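Notes follow the structure.
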Amino acid sequence: MAAPLTRTVRSRIETGRLVLYSILAGALVGALGIALRLVLAQVVRGGAMLTGYSPPGTPGEGGLLMAFGDALPYGLLTLPVVAVLAAWLTRDTPSDPLSETVSAYHRRGGTRLSTQLRLLGANLLGYGAGLPIGRDASFTALGGFSARLLSRFGRLSVAEDRTLTLASVAAALGLVLHAPLAAAVLLAEVLYRRFEFEFEVVMPCVLASVSAYAVYGLAFGAAPLFDVPTLQAPSALQLPMYALIALITTVIAWVGVWLSRLWPQGWLSGWPRLVWAAAFGLAVAAVAAFSTPVVLTGGAGWTQLSLSGFLGGEALGFGGWKWVLLALGVRLGFGGGVLPSIAAGALLGTGLNATLPTPLDPAVCALVAATAYLTVTLNIPLAATLLAATWGGDALLPAALISSGLAHSLSGQLGYVDGQLRDRRTAEMQVITPTTTILSAAPPPSSEEALYRVAVPMSWLGARIGVLSLPAGVQVVGLERGEDILSATPDLKLQSGDVLDLVATDAAFGELRDLLNLG
């Protein structure tokens with residue numbers, strides 16, 4: 001009989017598996033990303049035919065730096081219909097794909113494949129019709145969809161599934177932002193509102209992002225998303241003025257986040273969600289028809305115009321409308337993610353620069369303000385700084401660091417991302433009741449039985465409690481489904497999001513944890 005593997009050998013094998021799966025996940029995302037970009041091109045073309053308006057694009061995506069056509073009133077009337085359809089498709093999920101990713105990670109249960117498909121479809125529809133949704137939302141949903149495909153064909157533990165889901169989403173964001181390393185840091189940072197990270201997922205996210213970008217680059221090259229002119233490092237005398245722009249942008253962004261949190265929770269589900277989605281779509285159509293069509297789509301093209309110096313004081317009004325619609329729509333699923341916040345911040349920064357007695361470099365102002373805005377809305381100061389440096393060069397680092405540091409220190413812990421937890425300690429404590437032992441803690445020193453709560457792993461979904469293969473000494477005593485606590489009858493089928501209440505000795509639960517590789 002072969003000797004059992006030592007803990008060191010098992011750890012090396014598990015690490016090697018994760019490395020290989022991360023590279024495979026990235027390659028899969030890269031291949032699917034190529035297809036999604038082609039689909040998005042057709043969706044945007046169809047939306048332009050419908051509304052009569054085509055927004056400017058970004059050089060990295062092959063777009064042109066000019067808008068075409070005027071928004072047609074009858075075409076804009078489709079926005080409420082599309083908004084209702086998108087809200088109906090995402091009725092069982094948080095506000096946007098990034099929020100769903102964060103929520104799924106913390107609840108230790110993956111998102112269903114059908115849910116990921118609905119998220120992808122809703123964001124494709126909304127983006128094509130002209131709702132203020134960034135193209136990054138579709139890519140984020142694609143990353144989650146790719147992770148679910150991988151989990152179906154690979155024998156993944158709970159910990160591996162959670163990590164590879166983040167890695168797949170990081171890879172997808174790296175494609176759309178043309179910044180794979182910054183996207184990897186973003187996914188490790190966005191999980192918490194405080195300046196804390198999940199360091200264990202950084203390397204899988206990096207491997208997946210680089211792998212995906214390599215595959216994606218075979219089809220579309222590796223040009224940066226934005227064409228930013230060569231920037232001179234801001235002088236010490238200019239830094240206070242850039243800090244002032246960051247401060248004003250921080251206050252504006254914080255007020256927008258605060259306003260978005262005023263939505264009563266009862267309005268965000270059921271038929272009220274559909275009614276408010278229709279009202280939001282009508283509001284977007286009204287602004288586009290009677291004020292400016294800049295509010296249509298995510299605004300990445302208008303960010304490029306800000307960086308190129310083609311906008312002046314009018315950008316302040318454009319950014320103001322973006323700010324209003326983000327505050328109104330983000331809890332309904334319209335405007336969450338990276339690019340809408342980048343666009344709002346860049347427009348505000350360009351407009352604020354035009355009000356100064358002696359204007360500064362418009363590209364630096366746009367990136368500094370975008371960094372501050374993104375830091376406030378997503379609580380990602382480091383990732384926001386890395387994105388600014390990726391697009392604007394290393395010369396921007398001093399101003400970007402000041403901007404993100406100022407924004408994060410002043411904005412508190414509000415944000416657009418549903419499911420974000422305060423810190424790592426909160427993540428560990430969120431499943432504890434007075435009689436519950438934490439999963440990630442060491443087993444108690446005694447051999448007495450204790451009550452444990454374990455999220456149902458993906459491999460158990462659909463199985464009946466009576467057929468579960470549990471170690472001796474582990475007994476299922478209850479099941480938590482939403483706000484209900486059900487009796488653990490043998491014929492009860494397990495569903496996504498369920499939590500099992502187990503009674504077990506410390507040794508038996510340790511055996512179960514090794515069996516499932518609970519992270």
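Just so you know, glycine gets a Cβ as well, placed from its N, Cα and C.
The domain 'RCK C-terminal' annotation in TrEMBL covers 436-518.
Packing against the transmembrane segment (20-40) from elsewhere in the chain are residues 61, 124, 127-128, 135, 138-139, 142-143, 145-147, 149-150, 154, 156, 160, 164, 167-168, 171-172, 175-176, 203-205, 207-216, 219-220: each is 6 or more residues past its ends and has a CB under 8 Å from a CB in it. As annotated by TrEMBL, transmembrane segment applies to 20-40 (among others).
Sequence annotations record features per position, and here TrEMBL assigns transmembrane segment to 71-89 (among others).
The transmembrane segment annotation in TrEMBL covers 164-187 (among others).
The feature transmembrane segment is assigned by TrEMBL to 199-219 (among others).
Remote same-chain residues near the transmembrane segment (239-262) are listed as 323-324, 326-328, 330-331, 341, 344-345, 348-349, 352-353, 356, 360, 364-365, 368-369, 371-373, 375-377, 398-399, 402-403, 406-407, 410-412, 414-416 (criterion: CB distance under 8 Å, separation of at least six residues from the stretch ends). The transmembrane segment feature in TrEMBL is assigned to 239-262 (among others).
Here TrEMBL flags 274-303 (among others) as transmembrane segment.
Listed by sequence, the residues of this chain that lie at least six past the ends of the transmembrane segment (323-352) yet keep a Cβ under 8 A from its Cβ atoms are 83, 86-87, 90, 93, 95-99, 122, 126, 131-137, 140, 173, 176-177, 186, 245, 248-249, 252-253, 256-257, 259-261, 263, 268, 273, 276-277, 280, 283-284, 287, 294-295, 298-300, 302-303, 306-307, 311-317, 362, 365-374, 377-378, 387, 416-418. According to TrEMBL, the feature transmembrane segment maps to 323-352 (among others).
Here TrEMBL flags 364-389 (among others) as transmembrane segment.
Here TrEMBL flags 395-417 (among others) as transmembrane segment. Long-range contacts of the transmembrane segment (395-417) within the same chain: residues 95, 98-99, 102, 190, 193-195, 231-234, 239, 242-243, 246-247, 249-251, 253-254, 257-258, 260-261, 326, 330, 335-336, 341, 364, 367-369, 371-373, 375-379, 381-382, 384-385, 388-389, each at least 6 residues beyond the stretch ends and with a Cβ under 8 Å from a Cβ of the stretch.
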Worksheet entry | Tertiary contacts of the transmembrane segment (71-89), as residues 6+ beyond its ends and Cβ separation under 8 Å | 50-53, 118-119, 121-123, 125-126, 129-131, 273-274, 276-282, 284-285, 288-289, 293, 296, 332-334
Worksheet entry | Beyond the flanks of the transmembrane segment (199-219) by at least 6 residues, Cβ under 8 Å | 18-19, 21-27, 29-31, 33-34, 163-164, 166-168, 170-175, 180-181, 183-185, 187-188, 519
Item to complete: Please list, for the domain 'RCK C-terminal' (436-518), how many residues fall into helix, strand and coil according to DSSP.
Response: 17 helix, 26 strand, 40 coil
Fill in: Contacting positions for the transmembrane segment (274-303) when only residues 6+ beyond its ends and CB under 8 Å are counted
44, 51, 53, 55-58, 61, 63, 65, 67, 70-71, 73, 76-77, 79-84, 86-88, 127, 130-137, 225-226, 267, 311, 317-318, 321-322, 325, 328-329, 332-334, 337, 339-340, 342-344, 346-347, 366, 370
Worksheet item: Excluding the flanking five residues on each side, which residues at least 6 beyond the ends of the transmembrane segment (364-389) place their CB within less than 8 Å of a CB in that stretch?
Response: 98, 177, 179, 181-183, 185-186, 189-190, 192-195, 228, 231, 234, 242, 245-247, 249-250, 252-254, 256-257, 303, 306-307, 326, 338, 341-350, 352-353, 396-397, 399-401, 403-408, 411, 413-417, 420
